[in-house]
């Protein structure tokens, strides 16, 4: 077979012809590196985050139809694109031509913050609109299901999409036959009359209309090609791999006969990740293209036959049609399959993955195989030797040679029989997140009763996620045949299945007891479903469903999304052009949405640029015996490998007086520490060589991973920190009751969408070097690079245009990565780029500190806590980093909103062999706040009082004093609390929840309200100083620079608002280029919620200096323009440039005395959340959240609401689904979005209401505003306590008394196992110590 001359496809309407195509190339690097289309982003490389979404369009000559689907560019081999048309974000609109309505609306509805995920979001919605110009809200939610966003909390993105729906403002759910708009559900009652408030952040009337006739047409050349060109096999040969694309069935069989071991790839969603992450390599890949015999569906009188080449999206559509056209009893199997297809992966993966690929891959957590396995399905196989049918059964799934495909065979199609009368089929699954998450356990179950006598004739049960592949409970089913469908049968079935489907305690994936419980919980659900069916079909003879069991069958609360926002309108006296207080769009919003916003890795390749890749330690505590670089150095393209020897004398840098090593050579103290760095001509070459570096280790003892182990070995950083107020020991003597408790809280990954990225460019003279890096702290990068290169800081310039999310994770570790990259660039005199892959990033960088909190509380019977003694332990990891400051800030904020008259709190940072943990949004407060709220909840339970009563009685009164003796006025805290209780109709809803819980045994609702006092300040005046530089040019335009970094929080937008107000000029006159150590030196890190505050005051200072200088000029010509004034000033030799400076907030803290004034002001708030849980599976749904915040005078309500919502959803993730898992050897298991789940669009509350208190007092902050970056995150724990409330309700009903200990995050596993019942009692339990667990909680 001759190699094909060229690969031909279209990108954005332009023809692309690739002569020497490498079959290993994916579309994403091809777009970014070869075509320089950098709008499509790299987020994870596994198809799990949606940042690389593009639209693929194809023409099918037989049907004469063009199909459009969204797909993940990171998984699409370019060889599979022959004859296709690719549309990227650049192809649908730009600021240079015209922007597309989707781009405009997502920007103007404030649906972008850091903007890194925006192109993917836009492409998902754009593709939906190409197929459905007026989509339903359900279609929108489905289209966004495969896209992750870490900044916005999704609400504004949904709002933007809703503007394309037929009905916009309505939630589209007629409850009790009344529309929500008529009921006033979406209308908030006004509290104080005369207060001017606004509820809209954008005006829909101004939006461009969607005009489908204006879209790019499908290239006619591709249509002609598809119609006229003779179909022949296409072959592309690369250095290591050959890609063969047969276009007819005969050719496919011939190729498979010649290459029997080659995999058949359709969507590359299974083979692709295996090759990339598991080191599997295939020299030949067979990829059938447009073969009709693989892409068909036929429905006969007794079965549905589906072609193996159909995508899962096509299967979903076909099943929907079949269900509508056939009688209900024939479609039970199809309904079960369709239910699974709705939650399987994201829409991009469903569009790419094929049915045949899904079946043949036989993944242990496959969602469809357990169902197909119980449905008597058959697989139609074909090879050159002829046809064959094999049953899709346990033998096939276990890959028994007699029941499997032979190497030369192809799966052509699958026959799925119709259900019969008296036959019932159901599928079940439970995952860490409701959608776009692999199942922890899933199941398919089928029962057949010969007739209406309720006697079992056939029974099939299979499970996924509980073994190396799908497991069928054959023997159990056999023993149950002939039995009636009743409680005794169910009891026997549970015991039989548990005996047959066994899981060892050390099973991969962990969660062993949870999985055992799900096995029988699903069986119980199936039992009830069938009972319900039997009753419906034969009411006279079938037993009734017990009232209490009905709730097990209902889906969790689901209504369409609605939200309301309320903020203060600007003062009528304010000048019309003054932008302060208006909801102004993020300045880069449109560029985010068009892909024109440039991030670090979007910068064009520099001439002779090299790429750097790190080799990291694979042991948690070991001596390095030897490092062998020979094989790596011999590979093509490898230029050098930097080791500790090269860095002699500069291999460490002090962070807060604590020296941190850059590269390790003698000993490693956690997995993921940097050992050496490979420099090569390309990214692929650097990564390949890094895998070939051989490091020999000798393990060292002790291996300390958990906080408990650190306490046992007294392994701590620095001495303890302590805060004491009142006389605790004395106070304990006079209390009514004392309780002791503890709570453990897991860590959190930053999961910024843009991974760590940097480009270092040596200038070639005077040893100058430019560092372009995605960081929060340019000064630190400048310092560490200068130190490593032994240069003065004035030779090293650090530039940051924008950062694709950071949350505290782009400070110290980024500096170490940048120093090594700069060393390589300096050594070779060539530019060096380093961009971490998602898995590397998660492994190397560390995250939020896991915490263990112990408390002893003395309280009165009315709930007043009189004495509180606390201990905080944080897991700092292998090096100090910011751990000490985190525990200090935790101590200073631990009391949250409460006044404890006698308090002692001690804190330790544990030194372990885990990754070095660091700053993450909230900086210690989300952990210590949860510990305090847990204590409050337990006190309430002991007193028999409602938690909100105990919260109220212990809350700060108006003028009060904190434990470190700083004065506080808590008037607005009390106001937020009262308003939140009122706006959320707490009392009414509490009664409704109790009523619901009394009627539903297996579903429970919970409601919780939590107050917030978040102190703002960095504990020292030095850390909050800021500077700015403002130039006025002679045409009247202004350039402003300041020390803050644009991380997505909109600080640049706010700075331009400040200049606009101060200089009284339109915002369009003012420009901001980015942040650089060249323009503003010695800046502080951007974090701690003060970036806009302090830099805004510096910018304001510069503007006032300029105005003062120009006052005489302006007074001479008051009607003049800025152009006139600038020219006049220049003519009179008056400087038009000024620096501005803010020396920082007065701040001090003395740890010796435990007294000080560390904070400048407090942000107050309260949140009320309602959830519903499924007691059988542990699933939960966030039904509604109301948030009230005191934010002073908002500079930009749109940005401020965005910060609160985004932080809140990040907090919901922290407290409910984000779970880091480590092996007992300290290796991180969760290294990407497939294993680590951040909230997706399905996790946001169905109803979200946010309102701001009217501003009350003026303060000396920037225009009396408040910093809001971090405070909202803690409010996510209102969901934690609402779940806690629901679990408590379940336990009370089951007669379980005694304190309930729930740790964070409250995952489905913890929820299910806390709702103890007959099923949790039935499962076998492993004795601790009798097995080695798969994971340990750090």
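Each residue, glycine too, has its Cβ placed from N, Cα and C.
Automatic, uncurated: that is what TrEMBL annotation is.
Per TrEMBL, these features apply:
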type	residues	note
DOMAIN	5-92	domain '2Fe-2S ferredoxin-type'
BINDING	44, 49, 52, 74	[2Fe-2S] cluster 1 binding site
BINDING	114, 117, 149, 151	[2Fe-2S] cluster 2 binding site
DOMAIN	236-421	domain 'FAD-binding PCMH-type'
BINDING	264, 265, 266, 267, 268, 269, 270, 271, 367, 411, 429	FAD binding site
BINDING	776, 807, 921, 1088	Mo-molybdopterin binding site
BINDING	923	substrate binding site
ACT_SITE	1270	active site, proton acceptor
Apart from the site residues 114, 117, 149, 151, the 8 Å Cβ neighbourhood of the [2Fe-2S] cluster 2 centroid comprises 112, 113, 115, 116, 118, 150, 152, 753, 804, 805, 1048
Closest of the recorded positions to residue 807 (Mo-molybdopterin binding site), Cα to Cα, picking from 52, 264, 268, 429, 1270?
1270
With the [2Fe-2S] cluster 1 site defined by 44, 49, 52, 74, which remaining residues of that chain have Cβ atoms positioned within 8 Å of the Cβ centroid?
28, 41, 42, 43, 45, 46, 47, 48, 50, 51, 72, 73, 120, 838, 1233
Tell me, in order along the sequence, which binding-site residues from 114, 117, 151, 264, 367, 776 have their CA within 10 Å of residue 1270 (active site, proton acceptor).
none
Same-chain, non-site residues whose Cβ lies within 8 A of the 776, 807, 921, 1088 Cβ center for Mo-molybdopterin are 806, 808, 809, 919, 920, 923, 1047, 1086, 1087, 1269, 1270
Can you figure out which of 44, 49, 151, 266 (the binding-site residues) comes closest in space to residue 921 (Mo-molybdopterin binding site), comparing Cα atoms?
151
Pop the Cα-Cα gap between the residue listed as 'substrate binding site' and residue 49 ([2Fe-2S] cluster 1 binding site) into the table, whole Å please.
26
Within 10 angstroms of the C-beta of residue 74 ([2Fe-2S] cluster 1 binding site), what count of other C-beta atoms is obtained when all protein chains are considered?
27
As a quick check of your reading of DSSP, tell me how many residues in the domain '2Fe-2S ferredoxin-type' (5-92) are helical, how many are strand and how many are coil.
19 helix, 31 strand, 38 coil
Listed binding-site residues 149, 151, 268, 367, filtered to Cα within 10 Å of residue 52 ([2Fe-2S] cluster 1 binding site)
none
Of the binding-site residues listed here (74, 117, 776, 923), which is spatially closest to residue 270 (FAD binding site) when Cα positions are compared?
74
Go through the binding-site residues 44, 429, 776, 1088 and tell me which ones have a CA within 10 A of the CA of residue 149 ([2Fe-2S] cluster 2 binding site).
none
Counting distance between Cα atoms, which of the binding-site residues 44, 117, 923, 1088 is nearest residue 429 (FAD binding site)?
44
Cα distance (Å, whole number) from residue 74 ([2Fe-2S] cluster 1 binding site) to residue 266 (FAD binding site):
15
Cα-Cα, whole number of Å: residue 1088 (Mo-molybdopterin binding site) versus the residue listed as 'substrate binding site'?
8
Of 114, 117, 151, 264, 367, which is closest to residue 74 ([2Fe-2S] cluster 1 binding site) if I measure between C-alpha atoms? They're all binding-site residues.
117
List, in sequence order, the same-chain residues at least six positions removed whose CB sits under 8 Å from that of residue 264 (FAD binding site)?
256, 286, 287, 288, 356, 357, 360, 410
Sparsest-packed among the binding-site residues, when each Cβ's other Cβ atoms within 10 Å are tallied, from 49, 114, 117, 149, 266
266
I'd like the Cβ neighbour count for residue 367 (FAD binding site), meaning other Cβ atoms within 10 Å of its Cβ, all protein chains included.
26
Measuring Cα to Cα, how many Å separate residue 268 (FAD binding site) from residue 114 ([2Fe-2S] cluster 2 binding site)?
30
If you measure residue 923 (substrate binding site) to residue 44 ([2Fe-2S] cluster 1 binding site) at Cα, how many Å is it?
26
